[in-house]
Amino acid sequence: MKALLNLNDNTQEMVEKLISFAEASDSLEQLINAEYTDREYKGQTALHIAIERRCKTIVQLLVEKGADINAKAQGRFFKPKKLKHGFYFGELPLSLAACTNQPDIVTLLMASGRTDVRAQDAWGNCILHALVTVADDSEDNTTFVTEMYDMILMSSQDHNLEGICNLRGLNPLQLAAKLGKFKIFSHILCREFKDKKHLNLSRKITDWAYGPVSSSLYDITEVDTNHQNSVLEIVVHNTKIQNRHELLSVEPLNTLLEEKWLTFGAHMFTITCIVYVLYIIGFTTVYYNQAERYQIFSPPPLLCFLQGLVLVRLRPSDLRSIVTDAWFHILFFLQALMTASSAVLCWARVEAHLLLLVPALALGWINILYFTRGFKSMGIYSVILQKVLLTDVLLFLFVYLLFLIGFSVALASLIDSCPNSLECSPYLTFNTVILELFKLTLGLGDLQIQQHAKYPQLFLLLLGVYVVLTFVLLLNMLIALMSETVEDTAKESKNIWKLQRARMILNLERSLPKCLRRRFQLGTILKNSQGHSRRYIRLVAGGGGCWGGGRQNIQSVHFTAYLSSALRHLKDAIRRYIKC
């Protein structure tokens, strides 16, 4: 191993002499399979080092002499928690050669007959998992990773490598979705082999082509939501990656979501929207004069409480999604919580229930924005509005609050106590100082020297500095930042809107009974060349009038069409539900 770590012109000769000496002393196996024992590089052998040093002749010599091809390098350097602290390649010599782009050595190891291509490392990853992990979406990296992936897949097609799941229950395709590796993800989904020998490895099969138009079948067996750990759910609900909207643009995910929207999503959305609007109108009508009804003790608290529980039930979401991804889930939850709490206080005949009921009523109308996701133009506007509120406005409010509290404390400390015989200063208390400074921020206050200030000049100076920092600086910075955010968000707003609509579609699908979910399941079950049943969805691609290459033709349906057809399908949906 030391000879390999210090490569020079004599390394080959030195390794051959060492092996000859070991054969003569009957210690060859101990020599070539010697492992590192320290924690950093534990398990690394001479074969690992020869592969890492790209010494094909030495690798071939070691393999011929019986080196352990399935030795695992399990040191901390090879299992880093962060990639910059080491190099992950899957522990095995074969995966090391694959991850370092050495196809000749990969072929050599696989041809030896002793390589276990299904071997898994400590995390349960096989060689394909390792290739997905090292992919970084750069052009050069994508080229060698995809070529290596296909080569290994074709060389071991009888081993079903893509069916191997790691300890997290993810196969290579699901892992690519989990990590947000866009290019390797799209390559796997759209992989197509033309030769009959490897046709069963294709996830895309061109059924027919005529001129610029072609019809293809896409394998959605592990993609659709009927499969555990489905790719679609991983992409939509994985809040740890920033390019989810890009992954959803890959076929067949894009078409699958569109078909779900047309099949049941649009109609369910229309009905839900109408029901919620009717609910909030009734809610407003019933509680508009709540104070007067409280005096005669005739509020309907049971209805109020049930409405809150229904809202919580209709907006289910996991905690991670609520905190990081589903802003409207937070608003719906707060609305339901305040509505239910006000009902309890109302039962107890506590007038303070209005303190919860009034904000719930306001939130109820604001939450109608959730249903703008069904409209393309309004949905994009809602995305931009949400982005501005959750970034620029929050940062502005944080900085502004610091200025407001700091200057309020300073100015309040300069006010003398109010003499009994004199008119009290409006800045006597801390609360009134905050109110007056807030009015100055809006341009509604004045800069008059207060007669009860201990140091009028200092008081006026602080007021002037506050106005410059808030009214002049902060507000103008907010406007500039919002303009920049709107410009940046507008470029990706359509894709972000599609992601939000995808979340809504999956939530609607999850609320369906199992029998209806099976009824609305997309695709057709077909048998591949090996006789295995797979589910496929058909996608027709056209050239748009150009005979040179094409684009996907996806039918767009406007919300007005949804509204006109929703009532027609409502009767059928109710009948199906009753049959269930």
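Each residue, glycine too, has its Cβ placed from N, Cα and C.
It should be emphasised that the depicted structure is a prediction, and the values quoted were computed from it without experimental measurement.
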Give the range, chosen from 91-111, 427-447, that TrEMBL lists as transmembrane segment.
427-447
What stretch, picked from 268-288, 326-348, 393-415, 459-482, has the most CB pairs under 8 A with the transmembrane segment (354-372)?
326-348
Tell me, please, if the transmembrane segment (393-415) and the transmembrane segment (459-482) are in contact, taking contact as 3+ Cβ pairs under 8 Å between residues separated by 6 or more positions?
yes
Just to be sure I understand, if DSSP states are collapsed into helix, strand and coil, how many residues of the repeat 'ANK' (42-74) fall in each?
16 helix, 0 strand, 17 coil
